[in-house]
C-alpha cells in the first residue's frame, strides 16, 4: 500500500484510496464472521476431496463410521510430535530415538490444518476447538459461537457441535481430558459462551450475568452436556465440589495453575446424580483412580469422574489417586460401547497438558505428556473395531518451541545442541519466549555472555526445569503454523492435503452420518438401507427356522 500511496499523493486520490481499501477489508472480514461462510468452506473442501477420490476410482470415502474418537493433543505441533517421538525412543526405550514411532505415525492418512482464528493470526484453544467441533471459525476466546456473538445476547451467533449432531442420531457421547472439564477444548463440545474464562458464575461480568450461565452449569444443565455418557477429567472446583484435602507436592507455576470458585454454592456433580435418578439413568460419580477401577462399567450408563480441583497433574509427577489418560480413555470406551443396540458414539479425548507444559517452558513435562497421549491413542486402537471406528489425531494449535542446532544422532533431546565447553552452548529444544528467559539470564550479562550455562545435571532433570527462552514473558505463546491431522478407520481417506480447521467437523459429520454433511450425498441413505436390509434378512432367516423348531417340540 505504501507504493500506491506515493504514486497517488500528487493526484489527490490518497484519502479516497485508503477509505476504499479499508472498506473492502471490512466487508471481506465481516463475511468471515458468519457461520454460513465457514459452513460453505467446509462443504466445498469435502466436495473437493470427494471429487479427487472419484477421479481416481477410489470409493473408500464412502465408508461410514459407527464410532468416532477424536484425539486432540493441545499444543501438539509438528515440532512437539518430533521431539515427543525422540523422547519416547530415548527415555522409555533407551535407543537413539529418531527412529521411534508414535502410535498415530502409522495411520494411513494425514493432512495439514490451518489453525488461525477469525481475528488472530496465531490462535487460542477456544476458537480452534469451536472450529473443529462446531464447523465454524471463531474469535479468539469464543466457545461455541461464531463471530457475530454478543456479551448481552446468548442466542446470537450460537452454534451446535458434533455432540449435538451425534445425539440427534441416538449416538452416545463423551469427553475425556487431562485439563479441567470446563477448559476451552472440552467446553467447545457442549458450551455456547461469549468468553472461555466464564467457567464459574463468579467469572461472568455484570453486564452478561442476566444473559449467560457459566460453562460448568451448561455442562450439567443444558444440552448436549447434560446428555453426555462420559465426563472424565479435572475441575472439581468450578463444579462446586472442591476437595479440601487435595495434596500438591510439586510447585508447578504459571497462569494455568489458577482456578475459579463458585459464588452460588451449587454442587453440580450432586445435581448431575440427582438428575440421573429422575430420568432412571444409571449414573456413577468418582473422584479417584481407585474408585474408577472398582466400578463395574457394564452396569453404568453415564459416568462422571473429576480427579482434581484444577487440571490433572502433569503425568511426569502425577499425584496419588489420579488416573492416567490411558485409563480414562479405556473406561470411556467401555461405557460408550455398552449395549448391543448402540447406534455408536462420538468421543473427544484431550491431552491438554502438553500445551500447559510448553506455556511454562517445561519441555520435559510437555514431552512426557505426548507419551501419555500416545499410550491413550494406542489403547483406543486396541479396544475398538477398526472397521467401525474412525480415529482422528490432531492438535488445536502449535507452540513457539524449536528443535534446532546440529546435535549428533541419538543426542539427548532434552540436552545441548552443541558440545558443553564450546562458546554459547544452547539446548536442542528452545523457546521463542516465556519464563525460561529469566531462569537462564546472568545477573550481570554482557553482549558475549548473556546466558547461564552452569545448571547441574540434577537441576536440568527436574520436571520443573525451564528450557531457554529468548524473550521474557510470564507464559510462552502459541505458534501459528499448520498442525497435522492423522486418520485411521472408515472415512479416514477424507483427510488429504491442506485445509481449514473447521473442515474437521464436516469430515466427522459426513463419515458419521450426522449433522450438516449427512445429506451431502446419498451415501448415508445407502448405509441406512443396507442396515435395514440386513435386519430384514436376519428376521427372515429366523422366521424360516420356526417350523423346524416346532417339529421337534
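A Cβ is built for glycine as well, from the same backbone N, Cα and C atoms used for every other residue.
The shown structure was predicted, so the numbers you read here are calculated from the model rather than taken from an experiment.
According to TrEMBL, the residue from 74, 457, 475 that belongs to the Mg(2+) site alongside 183, 185, 350 is 74.
In three-state terms derived from DSSP, residue 478 (Zn(2+) binding site) belongs to an extended strand segment.
Look at residue 125 (active site, phosphoserine intermediate): DSSP puts it in a helix. DSSP gives residue 185 (Mg(2+) binding site) a helix state. Among the binding-site residues 183, 350, 359, the ones whose Cα is located within 10 Å of the Cα of residue 125 (active site, phosphoserine intermediate) are 183. Annotation note: residue 350 (Mg(2+) binding site) sits in a strand segment as assigned by DSSP.
In the three-state DSSP scheme, residue 74 (Zn(2+) binding site) is classed as coil. The Cβ centroid of 74, 183, 185, 350 marks the Mg(2+) site; residues of that chain outside this set whose Cβ lies within 8 Å of it are 72, 125, 129, 177, 178, 179, 184, 186, 351, 352, 355, 396, given in sequence order.
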